[in-house]
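These come from TrEMBL:
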- THR165, LYS166, SER167, ASP168, GLY218, ALA219, SER220, GLY221, ALA222, GLY223, LYS224, SER225, THR226: GTP binding site (BINDING)
- CYS299, CYS304, HIS306, CYS312: Zn(2+) binding site (BINDING)
- 123-274: domain 'EngC GTPase' (DOMAIN)
Amino acid sequence: MSSSNFSTSFELSSLGWNDSLAAELPAGLLPARVARVDRGAAEVLCADGHLQVHYSAHVRRAAAADPVALPCVGDWAALRRLPEGRFELEALLPRRTAFVRGGVGRVSRGGLSGDSQGQVLAANVDVVFVAEPALHSTDTADLGRIERLLALAWESGALPVVLVTKSDLVGDGLDFLMREVASAAPGVDVHAVCSVSGEGVDIVRGHLEGTRTAVVLGASGAGKSTLVNALAGEQVMETQQVRASDGRGRHTTVHRELIPLRDGGLVIDTPGIRRIGLYDMGEGVDMVFSDIEELAERCRFADCGHDSEPGCAVIAAIEDGSLPERRLESWNKLQREAAWMASRSDARLRKELQNKWKIIHKEMRKPGRNRP
Ligand SMILES: Nc1nc2c(ncn2[C@@H]2O[C@H](COP(=O)(O)OP(=O)(O)O)[C@@H](O)[C@H]2O)c(=O)[nH]1
Ligand SMILES: [Mg+2]
Ligand SMILES: [Zn+2]
């Protein structure tokens, strides 16, 4: 974050603070929004400005028991003022939305529920920008990556929006590309944006109205940080310099970071995600493939596998060209992955339960215990 922000204090409402959050703030503590985390400490934005705070023993204990309890970017935290004037991060307020990697964890009204050993990538995000660069060398985008990120976005509880970035690089191919991308994102807004000329940036900004928080996801080099700078109207994030030797960029964004925007709203920049595993994301996957789900309702058999069954509406749609075959393949793949991950987590849960019972049985076998 630019150092100019360091001294200024923040109007809490400009950080997304509202009455329902206020109702959950423990008495005597101060609200602050987590802008960035480093090992054991967080940078927060609050009425007292931009502060670095350490975690209380309570937070450290909770995080040791379950990493989901670790503060993450976007979290609302409650700070305790220590006698010497410093602050300590004493508690996290329940999360409205959360991206959880490698863990279970569905968001319910009371925050994350269920057993989980995941890592929260970002919390309290309203809008997810899935950034996919328009490349001049190939005319198609990585639709599979878009679908995967959309599943993650839906599952988090936030609203996804797809951004085809670097729209200046495709020229005439843009319309075709936009249609391709839209076919992978039913029910999702798809916009073209060029952060260099500023074209489309206002539409992106429109999604932040009402002091919403967005996160930008996408591969390294997709133009995420450049977009964040365009939204901010100043250079807040470093962007990749293209190396002259091989024309490839270097990774520059290493931290996830929450940036309050001058024009309102907040945006979280992220490092490129190499590969994010789906984890227990059945519903997120269903949302991404709502077009196939709808078709499937018209299959003759309720348990149609959309393979070679007679009366299959999905196969019929592929044959008449209204559904790209790639979509069905991608759906099968992501469903298999989600199911595999879910079964793995079940296995882990079963093992944990077994261990628990082993301990109880051992206790019961101890000498001196009454046995039936
Ligand atoms: N032509 C063009 N280049 C862009 C645009 N946005 C970003 N870039 C370039 O793409 C490269 C990667 O951008 P960066 O924002 O660092 O990507 P990130 O890794 O997703 O944060 C940089 O060299 C940018 O200058 C755009 O709209 N048009
Ligand atoms: Mg970046
Ligand atoms: Zn079918």
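Placement of Cβ uses the backbone N, Cα and C atoms for every residue, glycine included.
TrEMBL does not curate its annotations; it predicts them automatically.
Everything TrEMBL records as a feature, shown here on the structure.
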residue	record	CB count, 10 Å
THR165	GTP binding site	27
SER167	GTP binding site	23
GLY218	GTP binding site	24
SER220	GTP binding site	17
ALA222	GTP binding site	26
THR226	GTP binding site	20
CYS299	Zn(2+) binding site	19
CYS304	Zn(2+) binding site	19
HIS306	Zn(2+) binding site	20
CYS312	Zn(2+) binding site	21
Pairwise CA distance, CYS312 (Zn(2+) binding site) versus GLY218 (GTP binding site), rounded so that it is a whole Å: 35
CYS304 (Zn(2+) binding site) versus THR226 (GTP binding site) - Cα distance in angstrom: 45
Proximal residue to SER220 (GTP binding site) among binding-site residues CYS299, CYS304, HIS306 (C-alpha distance): HIS306
When distances run from the Cα of SER167 (GTP binding site) to each of the binding-site residues CYS299, CYS304, HIS306, the nearest one: HIS306
Maximal Cα-Cα distance (Å) across residues annotated as binding GTP, namely THR165, LYS166, SER167, ASP168, GLY218, ALA219, SER220, GLY221, ALA222, GLY223, LYS224, SER225, THR226: 18
Listed binding-site residues with Cβ under 6 Å from ligand 2, out of GLY218, SER220, ALA222, LYS224, THR226, CYS299: LYS224
Euclidean distance between Cα atoms of CYS304 (Zn(2+) binding site) and GLY218 (GTP binding site), Å: 34
Neighbourhood of ligand 1 - binding-site residues from SER220, THR226, CYS299, HIS306 with Cβ under 6 Å: SER220, THR226
